[in-house]
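Copied over from Swiss-Prot, here are the features:
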type	residues	note
BINDING	Gly333, Pro334, Asn335, Thr336, Gly337, Gly338, Lys339, Thr340	ATP binding site
DOMAIN	711-786	domain 'Smr'
REGION	682-709	region 'Disordered'
Amino acid sequence: MNEKILKTLEYDKIQQALLGQVVTANGRQLVQAMQPLTDPVAVQQALDETADGASALRLKGGIPVPQLENIDPALKRVDIGAVLNGQELASISRVLQTVSAIDKFLTDLQDQIDFRQLYTLQESLTVLPQLSRRLKTAVDPDGTLTDEASPQLHGVREQIKSIEGKIRGKMTNYTRGAQSKYLSDPIVTIRDDRYVIPVKAEYRAKFGGVVHDQSATGQTLFIEPQVIVALNNRLREAQLAEVAEINRILAELSNELAPYTGQIKANAAVLGHFDFINAKARLAKAEKATEPLVSADNDVLLRDARHPLIDPHKVVGNDIPLGDKYQAMVITGPNTGGKTITLKTLGLLQLMGQSGLFIPADDESRIGIFDEVFADIGDEQSIEQNLSTFSAHMDNIVHILKQLSQNSLVLFDELGAGTDPQEGAALAIAILDAVGEVGAYVVATTHYPELKLYGYNTAKTINASMEFDSKTLQPTYRLLVGVPGRSNAFDISARLGLPSVIVERAKSMISSDSHELNNMISDLEKQRKAAETAYEAARRQLADAQSVHDELAAAYKKFTTERDAQLQQAKDKANSLVDKAQTKADKIIKQLRQMQLTNPGTVKENQLIAAKTALKQLHQDEPLQKNRILRREREKQALHVGDEVKVASYDQTGTLLEQFDKKHWQVQLGILKMKVPTDEMEKIKPSKQSAAQRPVVKVSGGGMSGPSTTLDLRGERYDQAMADLDQYIDAALLAGYPSVTIIHGLGTGAIRNGVTQYLKRNRQVKTYGFAPQNAGGSGATIVNFK
């Protein structure tokens, strides 16, 4: 992108605003190097990064990038074998700690936020945990080495503290004792790295020791008392040892960094990129900017676009279309009406979008991808235009025409101004034709009425104007697309008090064509305002309808949620009641069995089985409940005496003998006659003869559809095996089997013993015993029924 357009449209001020948002040296470099991009993929990637930054800012307060200095010079010094100082090491330590923090930050968010680019950028980071911990442990943020940097450093510092404590103790005798009256001030100070006291010159003889300094007047001598000379010597030795150990540690840490300088430098660059993304997101928030769509066809539509450098409380937003049906737009209207600002808004927002920045416009705005943006915009708000001004503009236009391509955007402000109106209008039309022949996109502002007709008659060209309020005599700064500007000179003059005679005389001097053109424009403005009013009314009605729809949707969702909750609550309550009934029923069955054992013959076994099976059906079968259509269809089937039916509760096929009532039938199941609920039966074959014509035939269990004659309990838990055994024996009895085989395996013997105990208690079992060796041996039990 040419440098002139960046200067003309004040692109540098956008960069300055971004610089106020970055906190790292590498981030500042990226902002300063920022340029509009011309590759659609690169533009979309840059916008994706800004969108990620905006999401992170909104949800997490931004990517955690702290202030970071430029560490490149320090890394270069390491590469040549130099020893870094504490501040340089602290700066590198902050970079390494930030790498770890951001890596963890993004890893923790991977299941929460679907970033478009940040996770890819995260992969460019190289986490160096051991080196980071080493630097963090050894170096404070201000560059001071910590006591944990080495045991030797910790030891020598403890020694220094001990000696200093002894020195202060002895010095206290001078500052607080009887000799304090000989001091200029009762304090301890340092001269030449040694502790001294300020002694009045006339009392020098009262103190032994060494004089290290004197005051400017000579009235105070700074004396090191003899009693602490040895301590000061020891202190000095310890301090020199500390310095030596610090230098050794700095060299050691610098050597440890040497193998990783390339990775650390790359990390710093990636952190700068994260900082740059943060800055773009913060600027977007400050400007209330949105992400623009990218049109590969250069179909530009800026919705309520605002110039980012104008006070947001004063700026007027405009819809600016270009490139769909029209490649050229001619904007007419009065001076100070906002034409130039409209041009600059279009150009600057286009540059911002191509730089990966959000733009101050409404959602769903679109930008194009132009390889160049050219502009001829000068300070032509003054009417004093001369030949030199015209020449300067024409020189710029010639330069633009030489570089045009079909992917260029050209902005002309007051095209053809500064010369004779007729010649200027002709030149303006010819220049617009030349731009159109290349296929470039152009927006031009002008005063010339001839260009209004040009915009009306030329293909892919549309007129536009800046609205002017004739009542207030003030521009509204609103762009009216499709409506050419009209002169308001007569209206303004009349409202300002110019005699009507003069106004009418002036009107008579212009051609009838001009009158008709102005009248046509006036009618267009009225129609536009009427359409705009109707549109606003429709928009409000649509918004109201949407609001009602949203409320109804929310209410319906709440209703269904509460309904489902109540249904589930009722089902749970019903199942709870059934559980209680089941418990009571089991107790009753147990009592019945005891009665049967005590008084044989009083209770029939099939009654016990029927009662127990019916109780098992008390719980709601949720899949069956949900399949209500099938259940209703089954209930609609007419049943007749003699029909063959499948009884779901027994998993047996039987024959209908007699209907007790609407809900119950007597069914022949093998050797047993059972009372069965209607809704547990499914007709499998219609009757072919009436009950009177069709005799009831007893069918042995062996010929009926029923359970297998073998039950395999191997691999089951004890409780489950016993439950399966109980259910199987009931089914076998109903099927009329004379004998069955129970396979329990050997294992620990628990299930085998359980089977034996169960069969021993069951009064329907005649005999039982292990199978022959060739049929399973002690791993299976053969049961014979009565």
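The backbone N, Cα and C atoms fix where each Cβ goes, and this holds for glycine too.
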Quick check on the binding-site residues Gly333, Gly337, Gly338: which one has the highest count of other Cβ atoms within 10 Å of its Cβ? Gly333
Neighbour tally for Thr340 (ATP binding site), based on other Cβ positions within 10 Å of its Cβ: 21
Does DSSP give Gly338 (ATP binding site) helix, strand or coil? coil
Summarise the model's confidence over the domain 'Smr' (711-786) as a mean pLDDT value. 86
Over all shown protein chains, what is the count of other CB atoms within 10 A of the CB belonging to Lys339 (ATP binding site)? 27
